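For 6, 8, 86, 204, the entry in TrEMBL reads divalent metal cation 1 binding site. Residues or ranges marked as divalent metal cation 2 binding site in TrEMBL: 129, 153.
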């Protein structure tokens, strides 16, 4: 079975209308993110047409709108989601709210802290998005006390940073996607150096397309998993069940 730890269904449907009704040629499960109430409802309708997926909701650091906090809390209380996120920090610099200025820092931190504390209270996994912000995340590491699981979506950091996170006692998992297909040095280094029990696979579909593609498709999980097997020098028959086991553990699906 292939496991996709991070998908945006509504965005994917905008690029590939009707994809949800197309049968995949392999066994598969996925984790679906949404970031506003309308998107969540659309995403749920798409999920109903697909193989098994789990749903999450988060206040994204690129749009840290706390108006969605009440909706997120209600989803947790009503047990309509299996994880919170994506949340985190994004200081890539391609917009005022993604630059290292006091207002962006305040808004992103407020959204992150709210979601980390909610994840601890609801005992739900927390999916984290980081761009040029690993140092900021480290400063808030203690706020993750009580969060049962933390999944770093499309892990962008260095191996030593991932090891520091694990040394803090955070029950962390590190997800790898299309940057591996572009031979990202940091991604390959982290994949090779992390414990095998801490790695996940994802597409981030439709975002971060591999070379030659207009967008990332669900089918790219095959290429990503094959690349992981090549880097790790593992047979796919050994890697696929490991990634499925890690997906189950990271998203607390045995609970």
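From the backbone N, Cα and C atoms, a Cβ is placed for every residue, glycine too.
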Using the structure shown, find which entry in 6, 8, 129, 153 (the binding-site residues) has the sparsest Cβ neighbourhood within 10 Å.
8
Residue 153 (divalent metal cation 2 binding site) to residue 86 (divalent metal cation 1 binding site): how many Å between their Cα atoms?
8
Once near-sequence residues are set aside, which residues in the chain of residue 86 (divalent metal cation 1 binding site), 6 or more away, have Cβ atoms under 8 Å from its Cβ?
6, 33, 35, 56, 58, 60, 127, 128, 129, 153
Which residues, in sequence order, are found in the same chain with Cβ within 8 Å of the centroid defined by the Cβ atoms of 6, 8, 86, 204 at the divalent metal cation 1 site, excluding those residues themselves?
7, 33, 127, 129, 153, 154, 202, 205, 207
Sorted by position, what residues of the same chain at least six away from residue 204 (divalent metal cation 1 binding site) have a C-beta under 8 A from it?
6, 7, 8, 153, 154, 177, 178, 216
In DSSP terms, helix, strand or coil for residue 153 (divalent metal cation 2 binding site)?
coil
